[in-house]
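Step one of this worksheet: look at the structure below.
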Amino acid sequence: MIRSIIHILHGTYTQLRSLVMVFSHAFRKRDTLQYPEEAVYLPPRYRGRIVLTRDPDGQERCVACNLCAVACPASCISLQKTEAEDGRWYPEFFRINFSRCIFCGMCEEACPTTAIQLTPDFEMADFRRQDLVYEKEDLLISGPGKYPEYNFYRVSGLSITGKPKGAAQNEAAPINVKGLLP
Amino acid sequence: MSWLSPEMADIVIQILKSLVIMLAVVVCGALLSWVERRLLGLWQDRYGPNRVGPFGAFQLGADMVKMFFKEDWNPPFVDKLIFTLAPVVAMSALLIAFVVIPVTPTWGVADLNIGLLFFFAMAGLAVYAVLFAGWSSNNKFALIGALRASAQTLSYEVFLGLSLMGIVAQVGSFNMRDIVDYQAQNVWFIIPQILGFATFFIAGVAVTHRHPFDQPEAEQEIADGYHIEYAGMKWGMFFVGEYIGIVMVSALLVTLFFGGWHGPFGLLPEVPFLWFALKTGFFIMLFILLRASLPRPRYDQVMAFGWKVCLPLTLINLLVTGALVLAAQ
């Protein structure tokens, strides 16, 4: 009898206590972010909209090696290689279907020239699925993106008619990719 | 204008007042759907609906547009007459009970000398909404909900009535205005009738089927229980009916235990409505706070609590009050 009365009193106390505790939340800061008005903070490495970057000289970095298309688990990248007059490769078209893209960043990891990069931007919703297929004009940006100094052809060398790799003035000798020494 | 004799004018004014009170109660009940979501948001560290209008106040309009344009769908397997009757009962029973509430000295729909009994009768009728809906829906979950509602009703209706008998014994009347006047002359019933208040508050929450007594419509277990088959405006009537119940029980708590339209210590007697509204608003907030913080017990726990704790408490309260009233004579 006594025990059950104590039990009831204690139960009443705990219920009232949780009422007070919940009420105290009225004076706390709210966790909600008012999204369209308040911008969301996205870290620099956030994997969002994919861009194609240019090297410091302002030329397309992409050499149309197709490694990104191979690495892509959703098979959303498609491109066609073509060659410039100086022997440099570039994509004739480069197409990313963002309605299939899962923003995994495998393409960025696979890219040998740091051409394809993911950016902190996710606001790309659209009403028609077809509008989510981005062409090269939509993807290509004017700057070098995350790697401002890197220029693939400065590292690899570029051979043109009458000049082998690394033979021009101010051009570094090509890196020996088979060697172990740094 | 020969028909507008003084008696006729009185009748017209009284009808207009009643209409105003009814509309105010219905609008309050409907607005509560927004108030509740805002308050729940506040207590859960978020905002709730804040997009439509200032602070989201026009959310009600958006909800109503949505509800009116929904198809008024009757499933083919329901008992159509009772299925349609249930939401009408749900909304009207407690709305009708509001007639006995004296809002201010001059405002109030009916001055019944059986005021409290009328409320009990209407609270008893309100149960039929749940039972009708649960039975006619022809749906397992709805039937379980109705079953729980009847089990719950059996346990709370008894002490609902007994919890207020202490007040009736002290005042010697069932009339609400007499009860309010008695409190103004003596002391608010919250002090001498604290046990009656505690039990009546619990029973009041159970009458409106609010948390933590919402086993009949437990969303997580039986997917909204008795109104699972309802859609559109019929569902909306259940919804508004629940909020009207909250307004009604809050107003009743204020009238019975907190001095009605009187301020504390006779403060500011010029604004009776303000006091009434403030106190009623406080209890409405308390109802929502209960929902925000308490878990839902099983319905056998509710029954055990009702019969083993609340009923003895009300009986003790009634016995002690009766003894004191007799001793004072």
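Backbone N, Cα and C define each Cβ position, glycine as well.
The structure displayed is predicted, hence computed values, not measured ones.
Here is what TrEMBL records for this protein:
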type     : residues  : note
TRANSMEM : B:12-32   : transmembrane segment
TRANSMEM : B:81-102  : transmembrane segment
TRANSMEM : B:114-135 : transmembrane segment
TRANSMEM : B:156-175 : transmembrane segment
TRANSMEM : B:187-207 : transmembrane segment
TRANSMEM : B:243-261 : transmembrane segment
TRANSMEM : B:273-293 : transmembrane segment
TRANSMEM : B:305-328 : transmembrane segment
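At the 8 Å Cβ cutoff, the transmembrane segment (B:305-328) and the transmembrane segment (B:156-175) share at least 3 close pairs (sequence separation 6 or more) and count as touching.
Residues 18, 21-22, 25-26, 74, 108-112, 115-116, 118-119, 122-123, 125-126, 128-130, 132-133, 135-137, 176-177, 180, 207-208, 226, 229-230, 234-235, 237-238, 240-242, 244-245, 247-249, 251-252, 255, 260-261 of the same chain, all 6+ positions outside the transmembrane segment (B:81-102), place their C-beta atoms under 8 angstroms from a C-beta of that stretch.
Within the chain carrying the transmembrane segment (B:156-175), a Cβ under 8 angstroms from the stretch's Cβ atoms is held by residues 111-117, 120, 123-124, 127, 182, 189, 192-193, 195-196, 199-200, 202-204, 206-207, 213, 256, 302, 306-307, 310-311, 313-315, 317-318, 321-322, 325, all 6 or more beyond its ends.
Of the two recorded stretches, the transmembrane segment (B:12-32) does not lie close to the transmembrane segment (B:187-207), with fewer than three CB pairs under 8 Å once pairs fewer than 6 apart in sequence are set aside.
Here the transmembrane segment (B:187-207) has Cβ contacts under 8 Å with residues 94, 123, 126, 152, 156-157, 159-160, 162-164, 166-167, 170, 179, 213, 245, 249, 252-253, 256-259, 264, 287, 290, 302, 306, 310, 313-314, 316-317, 321 of the same chain, all six or more residues outside its ends.
Tertiary proximity for the transmembrane segment (B:114-135) is limited to same-chain residues at least six positions away from its ends with a CB under 8 Å from its CB atoms, namely 79, 82-83, 85-87, 89-90, 93-94, 96-97, 99-100, 142-147, 149-150, 153, 157, 160-161, 164, 167-168, 174-177, 179, 207, 209, 216, 225-227, 230, 238, 241, 245, 252.
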